[in-house]
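**Student:** My questions all concern the structure below.
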Amino acid sequence: MSNPIKIGIGGPVGAGKTQLIEKVVKRLAKKMSIGVITNDIYTKEDEKILVNTGVLPEDRIIGVETGGCPHTAIREDASMNFAAIDELLERNDDIELIFIESGGDNLAATFSPELVDFSIYIIDVAQGEKIPRKGGQGMIKSDFFIINKTDLAPYVGASLDQMAKDTEVFRGNHPFAFTNLKTDEGLEKVIEWIEHDVLLKGLT
């Protein structure tokens, strides 16, 4: 059984977590063996969405119904996600990379370091310019931070320059990117980070 690298994807409901996974997997699946675990509270909606996109065979995607606080399932009691990892590897023992998508949660959500090797936290511009200024452990502690849906900035009166400045205050030199995943704008920076900072470090 392989020992895959695991990347956690966290962020509020509707920020673009599932779409991010779809776009990234579509690019990387030609180069390596990938699996995905999604977390929803009472459904397996995100699993269905990814299956319907066809980015991966159905046996490489597992949906977890957390049945409660999504934060607990990725940190305090991640047993359901550990079980899902085992099931994925039983189905496909060649998997090299697993994405674990959390259920939509607040700015404080972080992944257990025992569950994932790296984490990405994503918000969207529509939540307001002030979000990066509020900080939050999800944004501060993540290895990579994404501000998605940049196309909405004019409609909600958000300054991307101000959001960038506020992000740098909390994250310092740690990487982040602006994206519009609908058009793939900014996606390349995310891919480059995964290929160079995650895969190269994780495989050494």
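Any Cβ shown, glycine's included, is placed from N, Cα and C.
According to Swiss-Prot, the protein carries these features:
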| type | residues | note |
| --- | --- | --- |
| BINDING | Gly11, Pro12, Val13, Gly14, Ala15, Gly16, Lys17, Thr18 | GTP binding site |
**Student:** Among the binding-site residues Gly11, Pro12, Gly14, Gly16, point out the residue whose Cβ has the most other Cβ atoms within 10 Å, with all shown protein chains included in the count.
**Tutor:** Gly11
**Student:** Under a criterion of Cβ-Cβ distance under 8 Å and sequence separation of at least 6, what residues of the same chain contact Val13 (GTP binding site)?
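**Tutor:** Looking at Cβ-Cβ distances below 8 Å from Val13 (GTP binding site), excluding near sequence neighbours, one finds Gly104.
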**Student:** What other residues of this chain sit with their CB within 8 A of the center of the CB atoms of Gly11, Pro12, Val13, Gly14, Ala15, Gly16, Lys17, Thr18, the recorded GTP site?
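**Tutor:** Along the chain, the qualifying residues are Gly104, Ile122, Ile123, Asp124, Asn148.
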**Student:** Report the same-chain neighbours of Lys17 (GTP binding site): residues 6+ apart in sequence with Cβ closer than 8 Å to its Cβ, ordered by sequence.
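**Tutor:** Within the chain, Lys17 (GTP binding site) has Cβ neighbours under 8 Å at Ile9, Gly10, Gly11, Asp46, Glu101, Ser102, Gly104, Ile122.
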**Student:** With an 8 Å cut-off on Cβ-Cβ distance and a minimum sequence separation of at least 6, pull the same-chain contacts of Ala15 (GTP binding site), or say none.
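**Tutor:** Expected: Gly104, Ile122, Ile123, Asp124, Gln127, Asn148.
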**Student:** Other than its own, how many Cβ atoms are within 10 Å of the Cβ belonging to Thr18 (GTP binding site)?
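**Tutor:** Step by step: centre on the Cβ of Thr18 (GTP binding site), count other Cβ atoms within 10 Å, giving 20.
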